[in-house]
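The structure appears right after this line, and notes come after that.
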Amino acid sequence: MKIALAQLNYHIGNFQKNAKKIIDHIHKAKENRADLVVFSELAVCGYPPQDLLERSDFVEDTFACLDSIRKEVKDIAVIIGAPSLNPNSKGKNLYNSAYFIENEKIQLVQHKTLLPDYDVFDECRYFEPNDKFHTIKYKGYRIALTICEDLWDKLPQQNNFAKTELYTTSPLKRLMKDNPDIVINIAASPFSYDRDDTRTTILGDVCKKYGVPLVYVNQVGAHAELIFDGDSRVFSDKGEVKLQLPSFEEDFQIFDFEKIHEIDTLPLQKTNDMELIHDGLVLGVKDYFAKNGFKKALIGLSGGIDSAVTFVIVQRALGSENVHAILMPSEFSSDHSVDDAKKLAENVDVSYDIISIKKSYDAVVNTMTPVFKDLPFNVAEENIQARLRGLILMAYSNKFAHLVLNTSNKSEMAVGYGTLYGDMAGALSVLGDVYKTKVFELARYMNKDGEVVPEHTIVKPPSAELRPNQKDSDSLPDYDLLDKILYRFIEQNASIEDILQEGFAEDVVRRVIRLVNLNEYKRYQAAPVLRVTTKSFGIGRRIPLVHKF
């Protein structure tokens, strides 16, 4: 039995495009003499459709699309993900299902059992959990169908409580009663660079535990915050990786299941974290523009590390011809910042304008003089500069149809080191899930084949340049220290007492945590963040806007 793995990039709700892509790959599988072609979870409508699933017209269009695909399944079998109706009078309206289609007939519909509702997931909001398990015989082999989380029943609890496993039931354990020859898992598992090893371990352990081979087909592509890396695989019954599709790109490969043990085992390789983050962010930007119909991007280029790294990511995603930069120096900007920004733009062959904000700043300050009177210079004057830059970017955006992208990093977003309606402006936050220390590492990675980000941009002390001789360290702890505290508090949900036990100074820890809690209101108004970790700001971290804890 020859099995084709179709690792494809879908567009939520674009049924015509999704159907064409799926049907084209069904025909491609037939042309290459495959017996079975496997697509990913909810491939027909795209994942995650969220509240679109509550619209009857969306669900009806999904079923119509699935039916058009079904009619093209001739002399081959297809496994594909789509919603299905719950016929019971009680419970949610839909199941998240895997369809087995052969010769224009739906032979089996297996529903998803384990519906994740942690982090960015909210499947219990829409789907009814499965409680019936069936396998299917095809080409002499018994096949067990599972959907993404159904293989993650041993997922460790991601909190500080005593429970060690998240789920109390094992779908695969139930399916193994039929003694399947192979397990096929269709998935829409989002990327996070700090979870890549966990996925490999869990899937491999499943194969070793039950002594059964596994075909894992994951979605690729990005939908706003969520990036899907693909990385589809075939595992032997010993948990060995026999086939691995590339990450962050579409791919289509066929293997002969009967000869799985003759295929060389692929060595376990640890991919560089910076390569994963870089490639994920490039895909995130590329798909955000392509799927929303945007063409041109605009970046405010300061000469600092954050705007530089954002700029390179966007240039690599869209091409130099589709990116423009605006440099907006003030009386507090150093000459080297302008030079660094110009050099960067020239390094990647991107056009730029230089628009000084000095006259605009003086005009606003003079306008406010009757109100400010003789009060000393403070954050008000600093934020005027940031908001003037935001105004200029948005004016250019409106006039020339360029989408402004935000350049804030995760450390800044965490402690509120940014100006609402100023440097926090933008349609998408490219680095909002990348801590400052990782931003420096990304810059070094970008320069691995030659200087792209100017060396001076990397080595100079970070500064917002909103007042004379300003440095970030005037307002914040050093980023090496800050990011360690933030990681323990945000990613690992550690308490202040837990963090203090690791030897950090109490006044620093309490100040950092206070800043995080104080600035929730800013994050509620921030641009959507491209997610590259297991705990990004946005839909995956839900903290009350008003609380006193």
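Every residue gets a Cβ built from N, Cα and C, even glycine.
Of the residues THR198, THR200, THR407, TrEMBL puts just one in the ATP site with GLY300, LEU301, SER302, GLY303, GLY304, ILE305, ASP306, SER307: THR407. Cross-referencing GLU412, GLU497, GLU502, GLU506 against the deamido-NAD(+) binding annotation in TrEMBL, which names ASN383, LYS522, picks out GLU412. Separation of the C-alpha atoms of GLY304 (ATP binding site) and LYS112 (active site, for glutaminase activity): 47 Å, rounded to the nearest whole number. Listed in sequence order, the residues PRO116, ASP119, PHE121, TRP152, LEU155, PRO190, SER192, THR198, ARG199, THR534 complete the 8 Å Cβ shell around the L-glutamine site centroid, once TYR118, SER189, ARG195 themselves are left out.
Separating the Cα atoms of ARG195 (L-glutamine binding site) and LYS522 (deamido-NAD(+) binding site) is a whole-number distance of 28 Å. A straight line from the CA of LYS112 (active site, for glutaminase activity) to the CA of GLY300 (ATP binding site) spans 45 Å. Shown in sequence order, MET413, GLY416, GLY418, LEU420, MET424 are the residues of the chain, 6+ apart in sequence, with a C-beta less than 8 angstroms from the C-beta of LYS522 (deamido-NAD(+) binding site).
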